[in-house]
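Q: Sending over a structure as structure tokens; questions will come in a sec.
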Ligand code: MD3
Ligand code: FE
């Protein structure tokens, strides 16, 4: 006998869950697009390879990164910035694939942010042990646009706090197909991810996790 869960599988997306002021968790929102999203990531990475960038302080980031769209995010000894060119190839970043742009627009709209028009998509790739320390995303010109984040592959623990680094943080598990939309007050909240666990895997990506973040840079 099919269960109610089977009958509703894939047809009724979970309702958006509010996790902070202006922030919405859309569990499984891109599950049905996941294969094509992973293909699009491979496509981008064939032109703009994943690389471990160097922080201004001289450390290599544990998450490997690439970008697509008009702007990509770069860090080196000189500092953090957005750039229209990939410093590895000195070429413009690959165009943002239509599918990526469309799912980001749809996720923003499902969270109450109509008319989202991202001009950058940053792609983070985590392997076992990779993490991202608490930080704010404030290199963009206009904080009125949300940031849309898509998780694919191995699950990870995501942390976010408030407007001050010392604010208490809460933890959420982000899994393959989950989307989080950050707008309003939460747009400038401190956030990061805990080290990818040794046993964290996904059938399609093995021990890797990908995170796409869509931004309006200019
Ligand atoms: C909250 N990435 O690329 S995604 C980043 O999982 C980044 O790769 C993490 O932080 C990752 O900058 C977290 C969730 C996320 C992204 C952007 C945010 C949360 C955010 C911007 C503002 C507030
Ligand atoms: Fe961030």
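From the backbone N, Cα and C atoms, a Cβ is placed for every residue, glycine too.
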Q: TrEMBL records 135, 137 as Fe cation-binding residues. Which of 176, 191 is assigned to the same site?
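A: So the Fe cation site in TrEMBL includes 135, 137 plus, from the candidates 176, 191, 191.
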Q: Roughly where does the domain 'Fe2OG dioxygenase' (117-218) sit in mean pLDDT, to the nearest integer?
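A: Taking every residue in the domain 'Fe2OG dioxygenase' (117-218) and averaging pLDDT yields 98.
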Q: Summarise the domain 'Fe2OG dioxygenase' (117-218) as counts of helix, strand and coil residues per DSSP.
A: 5 helix, 44 strand, 53 coil
Q: When the Cα-Cα distance from residue 124 (2-oxoglutarate binding site) is computed for each of the binding-site residues 73, 80, 135, 165, which gives the smallest value?
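A: Out of the listed candidates, the nearest Cα belongs to 73.
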